[in-house]
Amino acid sequence: MTTASRKAYGVKGAPYAFLLPAAVLFLLFFALPIGYAIWLSFRKVKVSGLGLGSGARKEVWAGLENYTDALTDSELVNGALRVLGYGCIVVPVMLGLALLFALMLDSDKVRLAPFTRLAIFLPYAIPGVVAALLWGFLYLPDVSPFYFVLEKLGLPQPDLLDGGPLYLALSNIAVWGGTGFNMIVIYTSLQAIPAEVYEAAKLDGATPLQIALRIKIPMVAPSLVLTFFFSIIATLQVFNEPTTLKPLTNSVSTTWSPLMKVYQDAFGKGDIHAAAAQATIIAVATLLLSFGFLRVANRRNKQEAAR
Amino acid sequence: MSSLAVGKADTAAGVTPGAARSRPPLRRRIALVPTAALLLGALYCLLPVAWVVIAATKSGSELFATFTFLPGTGFADNVSDLNAYRDGVYWQWMGNSALYAGLGALLSTLVSAFSGYALAVYRFPGREAIFNTLLAGVLMPPVILAVPQYLLLAKADLTDAYLGVLLPQILSPYGVYLSRIYASAAVPADVVEAGRMDGAGEWRIFTRVALPMMVPGMVTVFLFQFVAIWNNFLLPYIMLSDDEKFPITLGLFTLLEQGANTPALYTLVITGAFLAVIPLVALFLVIQRFWSLDLLSGAVKS
């Protein structure tokens, strides 16, 4: 009797014991920092007198001041707009290419598929900083093969690290780094489609293009949603690539993207309270966008299923 | 007509008309457009890698003077310059990256395996709430975590230390998610039940029965975490100031930053980038066959 009840207790306690390490780490490195950031965002440093001597700098309650400052800060707003523009290039191009390559890999009689699949996936193994560094040099007129070719052809040589082309240059790095991973995700779900589906379509006289558009793409819609979702999150958080290109050009400011602005305010200016408020705003925006997107996607899926 | 008969006819009289007819059409069509598109994609993806391989062989003067894809003569000099740079701090960076990524991914995989198993196999109050809370961590922008993580770790005197970079990366919400999916596909409930009937404790069932079944999925989680930590830049960038503890990403970045003022350092940056790409690409080529990539898309065939 006692052993039986102890055993039952053991089973009941077991999942919590297994989850303990994750829970401790979550509390220490996720929950506590988030709580601390939110707390900091409602505080500010008040300087009395000249700010000299002990007690001259005091941390006080700031209410929503940091938030109103952040939302009216043109640097942050401009950074958000820049990232929006950047995302409008990266996400559709990257996912479009990923889908295209996945469909090509999945098509009949394609040659060199294993080699090309590996080559396109390869950039995933290269850190964003190193990727930005490599492309950064390819954008530099003095060392770039593109400029060499343009010069030989007598064509104009645009500055890839300034103005509008800078967006393309930065987007290109993200597209290069992310296409392969997304391609693999989509390709894997293409492979999971049973062959009978295609055979039935072929018997009905469908062309490969029709099969791709009418059968394959709708059937991999869940993985498209997943890749879309992760791409949006990654885009909002762009930091590494513009930071890496910064030493190569004067056109990337220290506040180019919202995350760079947070970093700059926290560690450049030393205003952790402003940085905390901005980080909170970015986190809330990310959550709203992701959940909004998931809701729309889910509703779509339900409608599809209902039909 | 059986295929055996066709085979006999083949060996007896060469290619008989009957045998030729039963074969698939001889013109082995290549799908030209898809193949060409994939080759273009491969070319695009390999271009920067090919460039860095060649650029690393160039001396400082050749880098700016000769055609980009023409190999240079300075590779040995570049490597010895890189060795000499700040008493070989470059290799320290590589070692640090291996440590952060290797140990970090190992611990991360263990924690993920524990939690994934618990979430997949047991029914207990708060299961979905715990899972969703952990999962929400995926959505947190790294900076909202990294800045307060820095401030908190500074209070514990752990910034600018190996632990400051290692500890925050052990829990991976995505790793937990993948482990849960994999565990629920790979560990059948009746196997766990049978273990209990035999009188084994929960821990024993996990280590002796479930964990071996989860190994293929955990390899994927390990590799995924290894790449993620190796590629991480923001956290060490915020956490560290002593360049002896830098991972390779941060080391190369600081080298590039200095190179902006002294272009002579460009050859070092390029050679450093080339050497930094080698281990990861090698690892990638060796292990890609062990990845169950379908796991990454959340689809597991049981």
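Glycine residues also receive a Cβ, built from the backbone N, Cα and C atoms like all the rest.
Copied over from TrEMBL:
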- B:1-22: region 'Disordered' (REGION)
- B:30-54: transmembrane segment (TRANSMEM)
- B:94-287: domain 'ABC transmembrane type-1' (DOMAIN)
- B:98-122: transmembrane segment (TRANSMEM)
- B:129-151: transmembrane segment (TRANSMEM)
- B:171-189: transmembrane segment (TRANSMEM)
- B:209-230: transmembrane segment (TRANSMEM)
- B:264-287: transmembrane segment (TRANSMEM)
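Count of Cβ pairs under 8 Å against the transmembrane segment (B:171-189): among B:30-54, B:98-122, B:209-230, B:264-287, the largest is for B:98-122. Packing against the transmembrane segment (B:129-151) from elsewhere in the chain are residues 115, 119, 159, 164, 168, 171, 173-174, 176-177, 180, 234-235, 238-239: each is 6 or more residues past its ends and has a CB under 8 Å from a CB in it.
Within its own chain, the transmembrane segment (B:30-54) is flanked in space by residues 68-72, 270, 273-274, 277, 281, which lie at least six positions past its ends and keep a Cβ under 8 Å from the stretch.
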